[in-house]
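One structure is given here, and the rest of the page talks about it.
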Amino acid sequence: MEYFVQQLINGVTLGSIYGLIAIGYTMVYGIIGMINFAHGDIFMVGAFISLIVITALGLTVSTGLGLTFVALILVLVCAMIIASAYGWTLERLAYRPLRGSFRLAPLITAIGVSIVLQNYIQIAQGARVKPLQPIITDGYTLMTKTTEAGEFVVQISNIQILIISVTVILMAVFSLIIAKTSLGRSQRACEQDQKMASLLGINVDKTISTTFVMGAALAAVAGLMFLLYYGVIDFFIGFVAGVKAFTAAVLGGIGSLPGAMLGGLVIGLIETFWSAYFSVEYKDVAAFAMLAIVLIFLPQGLLGKPEVEKV
Amino acid sequence: MSKQPLLQIENVETFYGKIQALRGITMDVHEGEIVTLIGANGAGKSTLMMTVCGNPRAASGRIVYDGTDITNMPTHEIMRMDIAQSPEGRRIFPRMTVYENLLMGAAVTDPQYLEEDFEKVFDLFPRLKDRRDQRGGTLSGGEQQMLAIGRALMARPKLLLLDEPSLGLAPLVVKQIFEVIKELNQREGLTVFLVEQNAYHALKLADRGHVIVNGVITMSGTGKELLAREEVRAAYLEGGAH
Ligand SMILES: Nc1ncnc2c1ncn2[C@@H]1O[C@H](COP(=O)(O)OP(=O)(O)OP(=O)(O)O)[C@@H](O)[C@H]1O
Ligand SMILES: [Mg+2]
């Protein structure tokens, strides 16, 4: 029981990070029907920016709590802004010129952009893994169990609390933006009928750019969280996390915002529980098997939109 | 009519790839008028209406709106100049509610009029009020048509472009929609450019009309004149009846 609770906490944390990345995949797919394979690498860039800013600020575990908090917000803002700039540029240079060409063209370009970003970071930051000394430590003990083998403690660390709460807040804010603001309505309008949106005075190109920027900003948040949680990053983390997050987006129903969040959570939990109860080596197999099973029975994904509209 | 027309279309040609859909169209719409364009399937009516909105773009010729040359302006900028279109096929956002669809119509207008405009549209189409929170995609065809027109009105247009508002509607609803157009024109001086298959109703309503055949305007005149013409009756009014 205690072991289960601990894995649950770990799984939710991991799922939060996947969910944040998955939103970018799903939003971009929703609006232009394209899988932005370079999105995982924007996440990786976000992690590197975070590392650079943290190092520049000289943030360590001995920094006071208040100061750490302020500094981390600064790091977050920097990472979000710079990653957004990457996302915006990417769309502008690599994808927009291909709009209206055949469907595979932007997909292939996205894979190309992904390779470019990985190599660029590899050259600029080195190929070796980059460590970060823990900045946030400690946590709360939730349960203790004494067995012959010793004590088993169920803990939620401060960093886990941070990751989960930041994710919940951001997802709530984003859902609200999409559902209630005029920006969100424009995004949904472009998603459903770009030609009509432009007939209503909506600048479709600008709305698509904004969508890339929003996705990139969330990926940057995930990058910072990943860095703080695992303490090591390299130029390749975007690929692995990207594939997982993409899987999460498809599992939840690509194009659906709540689906991306749910999918992220499910993938995070499967991975964690599989590693805990079976074997670490096959955790990815378990995650992808789950995807296959869900898609066989629910081709739209868990929360994908069923097409019931009349045209 | 000495005043400059609100919409002036001069020698406009439009292509889809190699297919030429418009072969030099010249016509105008004056402020406060209802002008209709009638023609058979594939004559180029919708193409002309969309060309005014910049999508597809005119390959040659000139379109001037309210003194501004809009021939090469991006669609969204044209639509911010008090032009609104209820397009062919209605194009309701299927996964938005009726309310949200109407809000989209007002996407680029001053929010201070929002409440007033909602009231106006719900007054014209009470059915929409009852279905305020229903998803657009689940509305009936006629309700979607009302929503498309309502959405266009939410933009507070000076010029309203209507592409076949009567398509697929019951005669009673057609009558109702044409009454609404007339009322808006008379009460608020709204300028209307109306594309129709339903030639009888359209010509009866319009101040002036044009007949388009294969991308060329072949006849023009007042609504009454065209209705009386033998060629029009033969080609566009089944057996002269309606
Ligand atoms: N996207 C397109 N690509 C290629 N050809 C097109 C396209 N849209 C229209 N056309 C062609 O242009 C011509 C004019 O079409 P348009 O839609 O303007 O006709 P219409 O007068 O509105 O007809 P209807 O009464 O059937 O709506 C037709 O021959 C049509 O096949
Ligand atoms: Mg048409």
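Just so you know, glycine gets a Cβ as well, placed from its N, Cα and C.
If you look up TrEMBL, you'll see A:12-35 (among others) marked as transmembrane segment. With a cut-off of 8 Å between Cβ atoms, the residues of this chain six or more beyond the transmembrane segment (A:12-35) that come close are 42-43, 95, 99, 103, 106-107, 110, 160, 163-164, 166-168, 170-171, 174, 187, 190-191, 207-208, 211-212, 214-216, 218-219, 221-222, 225-226, 229, 241-242, 244-246, 248-249, 252, 254-257, 259-269, 271-272.
Residues or ranges marked as transmembrane segment in TrEMBL: A:42-61 (among others).
With a cut-off of 8 Å between Cβ atoms, the residues of this chain six or more beyond the transmembrane segment (A:67-90) that come close are 36, 38, 42, 45-46, 49-50, 53-54, 57, 59, 113, 117, 135-136, 209, 212-213, 215-217, 219-221, 223-224. Among the features that TrEMBL reports, transmembrane segment is placed at A:67-90 (among others).
As annotated by TrEMBL, transmembrane segment applies to A:102-121 (among others). Tertiary proximity for the transmembrane segment (A:102-121) is limited to same-chain residues at least six positions away from its ends with a CB under 8 Å from its CB atoms, namely 32-38, 40-42, 44-45, 48, 86, 90, 94-95, 235-236, 238-239, 242.
The transmembrane segment feature in TrEMBL is assigned to A:159-179 (among others). Counting residues 6+ beyond its ends, the transmembrane segment (A:159-179) has Cβ neighbours under 8 Å at 9-10, 12-13, 16-17, 19-20, 23, 136, 139-140, 187-188, 214, 218, 221, 225, 228-229, 257-258, 261 in the same chain.
Packing against the transmembrane segment (A:208-229) from elsewhere in the chain are residues 13, 16-17, 20-21, 23-25, 27-28, 31-32, 36, 39-40, 42-51, 54, 72, 75-76, 79-84, 86-88, 90-92, 96, 132, 135-136, 159-160, 162-163, 166-167, 170, 174, 177, 183, 187, 190, 237, 241: each is 6 or more residues past its ends and has a CB under 8 Å from a CB in it. The feature transmembrane segment is assigned by TrEMBL to A:208-229 (among others).
The transmembrane segment annotation in TrEMBL covers A:285-303 (among others).
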